[in-house]
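Scroll down for the structure; my scribbles are underneath it.
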């Protein structure tokens, strides 16, 4: 089954830098696989070695130990040209390609396949057209890349990686510097491409929200636990997300219900909360947490605590020692608390 | 190469032919056009002196300008792409001062004075070799510095500093040279396309053409380098090999032109920009050929301006090139946001 074909496989891999006689290991004993048709997101705090790992996978730096197999063959056994047809990368590097049209830039991705002078044959042109279509920038093909927005430029670079016709595409923070709309667009695009074009796509990102929604698998990279790989839901429901930033700041917790990281609640004061629906409950908690209130359910065990009843955003009732005050907005409520 | 490239190429070829004709026809001595045509076609002419002037002065000077312009512009373009820097060229990065230093060292070590035009064949080879080693040395240093200095403006400043160092070394050498040597060095430093004699012309042409061929062979990796080294590497470009070839090509082109014509400024810096502005692209498929042709045309034009005073003498080349080149650079800097090719 091609679906399951493993594109790259790391066994007991050590990554890091070698400078003169000094060897600095960033990670040891990493084990992982990337399969065709799957979008994998590499998550980790800054400085945990995401870029080092991506560079090692792209063969831009050599591994310090262990095995790294690309399509069942050792990565070191590939020639430069073979490698450039197997691994496509999208980086955050600044380019000076503003004077190239979108078409010309995407065409550069054909270089591993073209002859000495890079002349494009009809098949090359068809592949470029297809890639432009796949990322949705066909109408901008004759524009200068300098005229594009950041999001569009990222799509062009993805199209460039597509025309390389590599089974593996690596992206280093492709959604950094993009606004929310572009971020969602790029991630959705990558997810679709992984499936439609049967690529193994690995990207590093800080955009955890999108990663949780669209990634088929997550790779969590931490200094303590090395790398943990798994399907998003398995990792979340086994509480693995909390390990991600544990070292940097232990007060940051992963909210299992909402799939976001948030600071732990101080909870100096407590209050009973009774909200009409889940949405009201969530946002009331959000407001109260900000004011160091710890919310407890409206149960008899906590009967001594003040009770907040939220009927609607315009009708918030606070009952303290038998007395009830009604607020018309969260603004009023928070001013009193 | 796209259609625009072919159109500009054709127009430039026409302009070059006209400029070559003008260069052959005009000069300190009035020679009728028909006589010049006769001489070039190998037919006899009324005056032997005319034949001498055309063959020994005007013809080599014309071909030298043609090739020098192409050579300087090609090395300027390659350096701008590789250093990802619109202000890179062999004179700013100190490569031509490196070549000058090489020339000066060879001349002094040979016991002679620093002069061009008058050396013997073995002297000629060693001068070229000296210039090449000097240029390649500086280029190597700059390439090394570029891995340490990431800021492109800082790299330019480093290049200018290296240029100063080699210039002051040359001054020190001059201090020990004879007055005559200093004089001829100064004349050489003013730049002159007339430094190649008819006998030296084949060797000169062969070396320039060799350098230009390497440049043309580098078109594909140069395009990949527009995306930066890491992208280029991913596209299968062997960065080290390309850099070495580039070192050889720019070193050779700079060395040959500098040792014969002196350190000619601004052509290498400005011409690639003129070509980019005309074509509206940084794609080397069309940019490199058009840059070569534009460089030839500009150099021929500059040479023409130099010989304009006629009997009164020759204007130094380096007095003319900045007048043409500097406004182009200022235009590019001022309109940097509007001009897209380095974004």
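Glycine is treated like the rest: Cβ placed from N, Cα and C.
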Per TrEMBL record, range annotated transmembrane segment [choices B:35-54, B:315-334]: B:315-334
Segment proximity, the transmembrane segment (B:7-26) to the transmembrane segment (B:203-226), 3 or more C-beta pairs under 8 Å: no
Whether the transmembrane segment (B:287-308) meets the transmembrane segment (B:153-176): three or more C-beta pairs under 8 angstroms: no
Same-chain residue ranges lying at least 6 outside the transmembrane segment (B:121-146) that approach it to Cβ under 8 Å: 83, 90, 93-103, 105-107, 110, 112, 155, 158-159, 162, 166, 200, 203, 207, 243, 247-248, 250-252, 254-256, 258-259
Other parts of the chain folded back onto the transmembrane segment (B:246-275), taken as Cβ under 8 Å at six or more residues beyond its ends: 64, 68-69, 71-80, 82, 86-87, 89-92, 95-97, 99-100, 102-103, 116, 127-128, 130-132, 134-136, 139-140, 143, 188-193, 195-196, 200, 204, 207-208, 210-212, 214-215, 218, 287, 290-291, 294-295, 298-299, 302, 317-318, 321-322, 324-326, 328-329, 332
